[in-house]
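Chemist: Structure below; questions to follow.
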Amino acid sequence: MQRSPLEKASVVSKLFFSWTRPILRKGYRQRLELSDIYQIPSADSADNLSEKLEREWDRELASKKNPKLINALRRCFFWRFMFYGILLYLGEVTKAVQPLLLGRIIASYDPDNKEERSIAIYLGIGLCLLFIVRTLLLHPAIFGLHHIGMQMRIAMFSLIYKKTLKLSSRVLDKISIGQLVSLLSNNLNKFDEGLALAHFVWIVPLQVALLMGLIWELLQASAFCGLGFLIVLALFQAGLGRMMMKYRDQRAGKINERLVITSEMIENIQSVKAYCWEEAMEKMIENLRQTELKLTRKAAYVRYFNSSAFFFSGFFVVFLSVLPYALIKGIVLRKIFTTISFCIVLRMAVTRQFPWAVQTWYDSLGAINKIQDFLQKQEYKTLEYNLTTTEVVMENVTAFWEEGFGELFEKAKQNNSNRKTSNDDDSLFFSNFSLLGTPVLKDINFKIERGQLLAVAGSTGAGKTSLLMMIMGELEPSEGKIKHSGRISFCSQFSWIMPGTIKENIIFGVSYDEYRYRSVINACQLEEDISKFAEKDNIVLGEGGITLSGGQRARISLARAVYKDADLYLLDSPFGYLDVLTEKEIFESCVCKLMANKTRILVTSKMEHLKKADKILILHEGSSYFYGTFSELQNLRPDFSSKLMGYDSFDQFSAERRNSILTETLRRFSLEGDAPVSWTETKKQSFKQTGEFGEKRKNSILNPINSIRKFSIVQKTPLQMNGIEEDSDEPLERRLSLVPDSEQGEVILPRISVISTGPTLQARRRQSVLNLMTHSVNQGQSIHRKTAASTRKVSLAPQANLTELDIYSRRLSQETGLEISEEINEEDLKECFFDDMESIPAVTTWNTYLRYITVHKSLIFVLIWCLVIFLAEVAASLVVLWFLGNTPPQDKGNSTYSRNNSYAVIITRTSSYYVFYIYVGVADTLLAMGFFRGLPLVHTLITVSKILHHKMLHSVLQAPMSTLNTLKAGGILNRFSKDIAILDDLLPLTIFDFIQLLLIVIGAIAVVAVLQPYIFVATVPVIVAFIMLRAYFLQTSQQLKQLESEGRSPIFTHLVTSLKGLWTLRAFGRQPYFETLFHKALNLHTANWFLYLSTLRWFQMRIEMIFVIFFIAVTFISILTTGEGEGTVGIILTLAMNIMSTLQWAVNSSIDVDSLMRSVSRVFKFIDMPTEEGKPTRSTKPYKNGQLSKVMVIENSHVKKDDIWPSGGQMTVKDLTAKYTEGGNPILENISFSISPGQRVGLLGRTGSGKSTLLSAFLRLLNTEGEIQIDGVSWDSITLQQWRKAFGVIPQKVFIFSGTFRKNLDPYEQWSDQEIWKVADEVGLRSVIEQFPGKLDFVLVDGGCVLSHGHKQLMCLARSVLSKAKILLLDEPSAHLDPVTYQIIRRTLKQAFADCTVILCEHRIEAMLECQQFLVIEENKVRQYDSIQKLLNERSLFRQAISPSDRVKLFPHRNSSKCKTQPQIAALKEETEEEVQDTRL
């Protein structure tokens, strides 16, 4: 970045903003880059501003029981805020004084007042000077207030972020990511531009009092008639505003429903294409869009009337003010013109400035109160450690993620010093914890010496992660004692990658040691992966490590933990994403050898790890099921260990699958014995995978899983109203905000039966905001959210004993960020955070306007109609002016007088022109109030938006995956949310306002030109100057706005990234580093925003200067060239003043239109995306009600009796090569093999070898070369949809969209209920569906969060059965499944797909046993294609993964005598069907 010219600018340069000329010149000539932006002034740096506000806030916390954030802000910014407010007031006062001078100028032309004619020129000079003074006062004042608003936002941004890093895990558990994003986006944005309006709360009353005093002098009591009308108008507009909000609130829910489905479609676009659901999804979204547009039109019409009310009110204000006075006393022309000028100022003040100011204060105070509540939430407390301790001890520890009643009691006791409570009462409260919630850990005891390995095992939700959190201090124990040294390193269960290089992610701020670094890289098997990158370990990873596979991310996270030299290493399921071979090697080389002398606590379910551990701790439902060595486990719990070892190849399972088996085993062999499980308990067990309330609750914000991004809306339930909810003070209404929601269902179900909560699940979702649609959080994993927090909101006790010296010393004692700032490179920041640069022009091209206008032919006719009406108005005006000009004046004797004859109503020929000034200037807007022009325009523009949305949706659904893979999901979603919202809401009314203002100006200029042709000559260069200046400014401003928008996303991305890795950050003590990184992102955004504000003010000031010159010319031309006509001078000067304000408004509207049209450009860019080859011919399919569907439906050829293709499922692959992009490197090369009909083929290979890619290539989802034939039919000879319908698919990423069970199983509505129930029965889904109210009509939300992963897999299986496909592709179908659900899938595959060809990608060994052939993929090529016997006889990858003992298990029929003592997994089949269903539920 360059040094800012502002630092060396003179006072004059600062006053006129001339220091921005270099950037304006550069932006006009070439495209601006980040390096062209000026550095921010030191006073605007986030470090300085946050330090200043934090110091004042700490003082406020220390000095008062009820600290107020507004007091801290007042001490920081008040005097500058008031200084600019006074400047603003003085500038507004000049507006009130100008009409006085105008009246004196008109009076000087009075035939009876000729002595004042000589001073008219001096009055003209005074009037011009007032305009100059106003310009010099207003613009610095407005810029100064914007600047202060920006500084307040920066300071509060930083304060919120720092507080977020300090929040306790319990508080984070109760706050959704949406609320944090709302704090940073919705609320704080109000300060930036809103602060300039805040002063009008006191300026407008003073201004109205001054104006009414001046009008009183002219018109006496009748002046209040006009004021009364304005007040009524303001109230009318407020009523319209409330009506508009009502429609918008109703519409918000509909928008949300559409965006939920759209986001699910975008996230699962590969599955949508694999299922051939493009038309079904398009129809579903378009139906929701139709309902949404009905409410959009209503809101737009109300807003249209609200906007028009301002335009037409001018005439009535003047008319109502003047008419009573004229009827009673008569009036002179001077008073009419002076009143007009006063009323223009009065109208703006009462109907615009004051309501805006009140709204600004309301919004700002509400935002400050929300932030204040957030800043007082409970902070994370680090435990006191003994650095000399070498052992880890836990004695009788019990802990709750929920606050216990005893803790609430302690807080209440602190807040009420008068209340005394005995120790007996404390014991009573602590003993009643169980009444309020289940402890996540209870009565845990263990002790491990230095250098020992403790393996922690247990079922999902048993409390394994909570145990590690308690050791780290994230979870406070309610009872018991924890003892360790405090030097901890931590590896999270969900691998977390910070933005930066691989090396920075591993070192993570620790001093660099080359030998240690290389040792860790080798031990974690990262050397081979790093060598593949051109930049080696200096390759920059984006947010969430999106360039890496899951296994690579897991190994980097593990390497980070191992690299840090600590006494205690906490490893939370670090091997979950690794294949069998890699897991074995890393466990041996890293955990057992490299860390042999360190104390380690490893969360695992792998039997091999349990055998090698020094101690084993098995948890079950928060309690210690077993603690001891592995030999003791075998002796004390032989049933447990034999049961685990009885599962075929249990050691080969991933961590998640082993967890599922442990869950089942612990349930059967619990401490209570083998008592039968009641139906209620079984049902509770059924949702344990997705609804566990203890262990999983903390995941709401700290440990996100499954990257599905959705928008959601929630209506507050009574349960939420009682809970800790950030927005609990807001009325019960729908609010929109952007929030990444989760696929998991922990938080959607309260801790009661699903039956009772079923009806409330529909559309009860966390609120979400459209402002965040400009941010790039889309690629990260999503965050869980809470809906059932039921504890009271209790604030922290004030720190009354903290002195100012303590506060300051606390600031100094924190780790400084000076050395950290050197580590952060701005180019790295750009690579880490920024979205893809938009390749659209800086200024909207004429081609975009032309294309937009021609989208709908009606729009062209409407615009022509608008122009015809305007020309008719101008023509009528000119005809009447000509008629009056050629009509002889009335005889003086016919002049009318009032009854008392004291005041004459002067009627002259020129005064009659005033009537037509009103007609030309105002009649245009009066007609707009009717249905002649405005409403058809708004209506048609919304129709254009509807067409563009439909075209874009169709284009995205038909685009090839190679194109979609280059786009971020959030970027696509922004087009459907942010840009479509602009097309629906802002663009139609902005275009209407611009056309309206433009026609008013042209009409006024036409009248002036007729009255005084010389002034028309002066108008031409002004218009030319305006067009040139606008073009010059627009080129730079739009680029700056784009850079500012790109610079905003890193702030929110960094927030989400920090939250995902918060436990890791705290364990490594890297909060100061991330605060500095956050400040860097803030400073980058500030640099762009400050420059945009400065250049905008430069432009506004230049426009005003041009108009001041124009007004000077008009004034002197009219004074010097006009003869005796006071009416002519009055009309010209009044119109000139009106033209100045209106044309400036029109200029700003034109810039707004150009800015909003960029959204149209982005939409056109998506509409122009290429489509997939082999687009199928679509035919309409009549629905049951006989109506034709607007969306074409694909008919399934396999349901026909004369089924021709595919008949057998024979598949031949010849020289198949697959690439992600057309010119990219091949991912698979020269794959050739053939499959016989009905054969089962297993795909083998390491993680990332290309197994899933091969399945995608079969479906033609990639750029492919070569040929595939099914039953002799080549894929080139049929359409893409026909080809894909030949396959049934069970993808790795399960796709459940928001809709009914029926829609999810049969989106094209091809099957009857009986057929769907039959298939549901086959796959074991019937009992699941019957548990829900409405059964098949029950609406699933949040990706089917009320279903376990196994149930979702069964849904996919049911879809494949319904499709009657001949070839079935299965990509990890058993991932995350419990044994019972897995057995059901195996049984269904055998029965329903007995005659089908099955291609299986699976890590479970026993699943592969049923395959006749195996395809081994290595280094992008087929290495082997043989039977399992041949693979085991050779030195193959498959053989390496199988231990000798496992090979014995693979062939029990050959080694029956050796296997008699081994329990078989077939034992599960002995259960009755009821037991199977109950276990699944």
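The backbone N, Cα and C atoms fix where each Cβ goes, glycine too.
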Chemist: With respect to Swiss-Prot, which of the residues Asn48, Asn801, Asn900, Asn1230 bears the note N-linked glycosylation site?
Modeler: Asn900
Chemist: Where Swiss-Prot splits the chain into topological domains, do Ala107 and Ile942 land on the same side of the membrane?
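Modeler: Swiss-Prot topology: Ala107, Ile942 on opposite sides of the membrane.
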Chemist: So one of Asn894, Asn1455 should carry the feature N-linked glycosylation site according to Swiss-Prot; which one?
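Modeler: Annotated as N-linked glycosylation site in Swiss-Prot: Asn894.
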Chemist: Measuring Cα to Cα, how many angstrom lie between Gln493 (ATP 1 binding site) and Tyr1220 (ATP 2 binding site)?
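Modeler: A Cα-Cα distance of 30 Å.
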Chemist: Could you tell me the C-alpha distance between Trp401 (ATP 1 binding site) and Arg1246 (ATP 2 binding site) in angstrom, no decimals?
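Modeler: That comes out at 39 Å between the alpha carbons.
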Chemist: Pick from Trp401, Tyr1220: which of these binding-site residues has the biggest number of other Cβ atoms within 10 Å of its Cβ?
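Modeler: Compared across Trp401, Tyr1220, the most Cβ atoms within 10 Å surround Trp401.
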Chemist: Between the binding-site residues Lys464, Arg1246, where is the Cβ count within 10 Å the lowest?
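Modeler: Looking at the binding-site residues Lys464, Arg1246, the Cβ with the fewest others within 10 Å is that of Arg1246.
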Chemist: In three-state terms from DSSP, label Gly458 (ATP 1 binding site) for me.
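Modeler: In three-state terms, Gly458 (ATP 1 binding site) counts as strand.
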Chemist: Select the closest residue to Arg1246 (ATP 2 binding site) from the following recorded positions, measuring between CA atoms: Gly458, Ala462, Lys464, Ser549.
Modeler: Ser549
Chemist: When you scan the chain for residues with a C-beta under 8 Å from the transmembrane segment (123-146), skipping those not six or more beyond its ends, what do you find?
Modeler: 15, 17, 80-81, 83-85, 87-88, 90-92, 94-95, 97-98, 101-102, 104-105, 108, 192-193, 195-196, 198-199, 1093-1094, 1097, 1100-1101, 1104-1105, 1108, 1111-1112, 1115-1116, 1119, 1133
Chemist: Which of the recorded positions Ser549, Gly1250, Ser1252 has its Cα closest in space to the Cα of Gly458 (ATP 1 binding site)?
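Modeler: Checking each of Ser549, Gly1250, Ser1252 against Gly458 (ATP 1 binding site), the shortest Cα distance is to Ser549.
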Chemist: Report the listed stretch (78-98, 223-243, 1014-1034, 1096-1116, 1131-1151) having the maximum count of Cβ pairs within less than 8 Å of the transmembrane segment (196-216).
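Modeler: The stretch with the most contacts is 78-98.
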Chemist: What is the separation, in Å, between the Cα atoms of Ser549 (phosphoserine) and Gly1250 (ATP 2 binding site)?
Modeler: 12
Chemist: Taking helix as H, G and I and strand as E and B in DSSP, count the residues of the topological domain 'Cytoplasmic' (1-77) in helix, strand and coil.
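Modeler: Breakdown, helix to coil: 55 helix, 2 strand, 20 coil.
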Chemist: On the DSSP side of things, how many residues of the topological domain 'Cytoplasmic' (940-990) fall into helix, strand and coil, could you say?
Modeler: 45 helix, 0 strand, 6 coil
